[in-house]
2 protein chains.
Amino acid sequence: MAMEMEEIKSNSSSRIHGDDILPHIHHKVASPPKQTLFQDIKHTFNETFFSDDPFGKFKNQTVSRKFVLGLQSVFPIFDWGRGYNLKSFKGDLIAGLTIASLCIPQDIAYAKLAHLEPTYGLYTSFVAPLVYAFMGSSRDIAIGPVAVVSLLLGTLLSDEISDTKSHEYLRLAFTATFFAGITQMALGLLRLGFLIDFLSHAAIVGFMGGAAITIALQQLKGLLGIKDFTTKTDIISVMKSVFSAAHHGAKKNKKLFWVAAISPMICVIVSTFCVYITRADQKGVAIVRHIKRGVNPASASDIYFSGNYLSAGIRIGVIAAVAIGRTFAAMKDYSIDGNREMVALGTMNVIGSMTSCYVATGSFSRSAVNYMAGCKTAVSNIVMSIVLLLTLLLITPLFKYTPNAVLASIIIAAVLNLIDIKAAILLWKIDKFDFLACMGAFFGVVFHSVEIGLLIAVAISFAKILLQVTRPRTVVLGKLSGTTVYRNILQYPKAEQIPGMLIVRVDSAIYFSNSNYIKDRILKWLTDEEILRTSSEYPSIQYLIVEMSPVTDIDTSGIHAFEDLLKSLKKRDVQLLLANPGPIVIEKLHASKISDLIGEDKIFLTVGDAVATFGPKGANL
Amino acid sequence: MAMEMEEIKSNSSSRIHGDDILPHIHHKVASPPKQTLFQDIKHTFNETFFSDDPFGKFKNQTVSRKFVLGLQSVFPIFDWGRGYNLKSFKGDLIAGLTIASLCIPQDIAYAKLAHLEPTYGLYTSFVAPLVYAFMGSSRDIAIGPVAVVSLLLGTLLSDEISDTKSHEYLRLAFTATFFAGITQMALGLLRLGFLIDFLSHAAIVGFMGGAAITIALQQLKGLLGIKDFTTKTDIISVMKSVFSAAHHGAKKNKKLFWVAAISPMICVIVSTFCVYITRADQKGVAIVRHIKRGVNPASASDIYFSGNYLSAGIRIGVIAAVAIGRTFAAMKDYSIDGNREMVALGTMNVIGSMTSCYVATGSFSRSAVNYMAGCKTAVSNIVMSIVLLLTLLLITPLFKYTPNAVLASIIIAAVLNLIDIKAAILLWKIDKFDFLACMGAFFGVVFHSVEIGLLIAVAISFAKILLQVTRPRTVVLGKLSGTTVYRNILQYPKAEQIPGMLIVRVDSAIYFSNSNYIKDRILKWLTDEEILRTSSEYPSIQYLIVEMSPVTDIDTSGIHAFEDLLKSLKKRDVQLLLANPGPIVIEKLHASKISDLIGEDKIFLTVGDAVATFGPKGANL
């Protein structure tokens, strides 16, 4: 009769207790096939840097095919471009026109957040999307300046050079953009994109929310500054409320997204026209005033490659690259290769820095509109870019009369979408520590600065990792009645402990950072249990079973901790039994000869085995 | 018939396949008892900072008893002092005299490593052991200046103030000692002692080895510098070889440790006498020359609490405190409370800094001698301290004629013991990454400086932690024939996969730092297996079972990763089944409502259950 059972004997000591009627199948704790040092290093290296196997598709291909695949992998446009047709173009054209109409007013407004002239926003939305269209692999993402990065850049740059109208300020902006690009390219090419994972999702939610509030408050001040001009203000506040109502509508009803997408443009056109007709600028309404016509001038010679501002440029660039990288990762499609995208974004910013652009990345709001407007490929970015080109060449001077207040309202409407209260509530529900990180970043940004917010976010994220590696969980296991399944007695209060035995599971690799803690914690479980059991009629504990299944690895500190544990247990007359050590662990136990100290006959395949061998008669039934 | 089996059904879907003859015991995946937010935070806080439960013994005691216990816990001497007797004192007296004879020549020599006058070494060995005897909880540890910390301090101090003879240099040394003490006290009182665990054992082996080589080479230069004086050199080299031979002998035969313990003193006496008789100092043999008589002058007013050197003093103090903390932790008895020891060491250094001492800690070599000479309690440190007092008052001037060369040989002999080649070989055998950290620290110290070595050690230790948390292991499980035990198919090549199913175990908590990797890795296992199985006659994979036993926790990023995984699996027509999610995980799966997306009937207590429910008929038999 084929029976379902866990009654496997390690080829160990003779069977002392147990039910001899059942047939026994002998399985012993196996050592894995030996690996050479080179294989070992190669495996670790591949898992660390090439876990996504980017070269897998190159295997077993001819040289010319490899070349084509290589070209396609650097420029995905050669891949999807071959199958491109008129139907796709129709979708892309509409989407491209939509995001262009959304991005023009946003660009002008965002450039002001970075303390740059409006033209630089438009420049950025002309060059960056073109580069991305060739190298990027996402079809939805709309490229251009974004509010948070513009604010971050503006803060960092003006800390260095307070005169934001000076040529040095502009040069430093290009320098920072250049080094942001270089940083992104380096991270991508060295396949270190995973490093940005260290900024947790929670931290980013808080950081973005804080930045949004800061920007909104800043802009609100601008809006309130013109309250003397009642008629104008009314027009603006009406437009603003219409606009934000439309935005909310768009959220509830996807068909209304059009309203949200084009309302900023309509606001700009209507208000500009009003100001032009009524000459309100002469009555004190602040307007854009200066705006140059023409395409991007070259700016490669403006980048600081030496001098005092070089290090400042590098520092700001690296900070911006980290912020971009993480926000981009949060929005990217899950099938995208993060490292390749980093290279694309980096190239885009390097080229941008040489053509009078400042830092660009994927925009949350415009990407959503792009998707909803039915974009099929990155061609929508090309369409947007062409519209921007025409705008720069033909109609830029018309924006001269655009009132600043309407730009402020556009910014407010855009950034309020970055405040993700739902996400914050979810964080609270799921993980209090995440919520703390989120709030830390949020208040850091709101009450101090974007840099401090970013710093707090990184610090809390790291603290969480440190906590994870220094204080892993250990649990006491008990037996579920009528089975040989051993489970956490806190989760399964009905699980029964075995008389004379304590079963502890260690839920982490044992490394220098936690080895002492784990050893102390196991001893504390033992002490606590002994106190508990002396008051009852249970026999005292003679065996400590450590369930090692989750212990993926152990290092020299861990081995030393086990030696110490053995010594302490000897003093207490308790024997150590191990259950199910993994392949790496069993190898290291052998290499360090500690398996001899423990005794090969004390290492079992399962907890059930250990209980059957050393436990009271019938305990494992 | 009570049978051993793992055939437990979750109270899920109706049973599709399986053997209906067997009796079934129903256990479902349990949610743990709800904890309030406060309980949750309290538990995490306690595990992080009070995992050793230092206040446990205070529970249920009267107020006066609590006071006594508190006093004993700050000053353990009040605890063991009550049972002190003559027999213990005999052991302590002999041990104290032995370590005093060893420490006097070492102190004079080590002070020179710190570029301080020999007296300060003696001062330190007078005050520090006294304080430690009252507050420390180890009985074996001999307190005083040590070679590596002296070298570290000498390097760091002379980087700040190159004129080591100046009064400022001495003042900075006291300042650094003061802040080293403050840092240690703060770490101990805030119960942050575990932070020093981040410097791995491996890094310390390399760091100490490198420092030892550096010191030995430095001193060897001093030794070779007097080669013109053949007679003297011969005496010295003979003594040195005798001395080191004795040392090796001591290692092999514990009874010979006496020779090692007193030979430095004999060397000093004989050589000093020789120089005095032959007036070799007038022929060019370098001698100690200046050495003050009398006890420690007060130095509290010399500590910089303001001015330029304050920040340098703090920085050097913190570095020294970290180095001390880690080396001390490496030697401490396993039953000692690390945080309390930190407070004791810190108090000792703070008091030391006010009484003309420089940084002191536990010495490896002298503690070993102390133990072997039969010390019973910290009274041996008091005996040593009294001997030092007498030395300072009476015989210090006699050391004037001690040749520097003999001090150099004492240093060399002492530090060579710090080179632990056996440990390095063990590191290589057990963990290549540890070996790398060890070598990095070693070469950093040897080819650059102690600071760089320490920095490399910290960096590599951190890199290892980051690797651990970003790239956790995932393994494919197979069924051991004739059982319901599922094990890693790489470790147990005979384990068989279930047709139409892929079973993956995730061996780590799922956090923001690894959630994307884990999701991608699981999908890659799926892809790889599908490619493998299409070439065979296996049916395609319909079910992915994720074994969650080792997953201790999951955060919001992890939840999002699961959502993405579900989406990807849906595209591939594969269903997700979960096995044995832990208490925290199941709670968060419910809180985020993702358990509804997965389906409650897809969550099982064991892999065996999942296979029995959805696998091919009889697969789990």
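Heads up, the Cβ atoms here are built off N, Cα and C, so glycines get one too.
Look at TrEMBL and you will find A:141-157, A:169-192, A:198-217, A:256-278, A:309-330, A:342-361, A:381-399, A:406-428, A:440-463 tagged as transmembrane segment. The domain 'STAS' annotation in TrEMBL covers A:491-614.
Outside the transmembrane segment (A:141-157) by six or more residues, the chain places 99, 103, 106-107, 110-111, 113-116, 121, 124-125, 128-129, 132, 164, 169, 172-173, 176, 207-208, 211-212, 214-215, 316, 319-320, 323-324, 327, 331-332, 348, 358-364, 366-367, 369-370, 380-381, 384, 411, 414-415, 418, 449-451, 454 with a CB less than 8 A from a CB of the stretch. Summarised as a single figure, the pLDDT of the domain 'STAS' (A:491-614) averages 88. Assigned with DSSP, the residues of the domain 'STAS' (A:491-614) fall into helix, strand and coil as follows: 62 helix, 21 strand, 41 coil. As a quick check, the transmembrane segment (A:198-217) and the transmembrane segment (A:342-361) miss the bar of 3 or more Cβ pairs under 8 A, pairs 6 or more apart, so the two do not touch.
Ranking A:309-330, A:342-361, A:381-399 by CB pairs under 8 A with the transmembrane segment (A:440-463) puts A:309-330 at the top. Counting Cβ pairs under 8 Å to the transmembrane segment (A:256-278), the stretch among A:169-192, A:342-361, A:381-399, A:406-428 with the most such contacts is A:406-428. Counting Cβ pairs under 8 Å to the transmembrane segment (A:169-192), the top-ranked stretch among A:309-330, A:342-361, A:381-399, A:406-428 is A:342-361. Long-range Cβ contacts of the transmembrane segment (A:381-399) within its own chain (Cβ-Cβ under 8 Å, at least 6 residues beyond either end) map to 92-93, 95-97, 99-101, 103-104, 108, 118-119, 122-123, 125-127, 129-130, 132-133, 136, 142-144, 268, 272, 288, 291-296.
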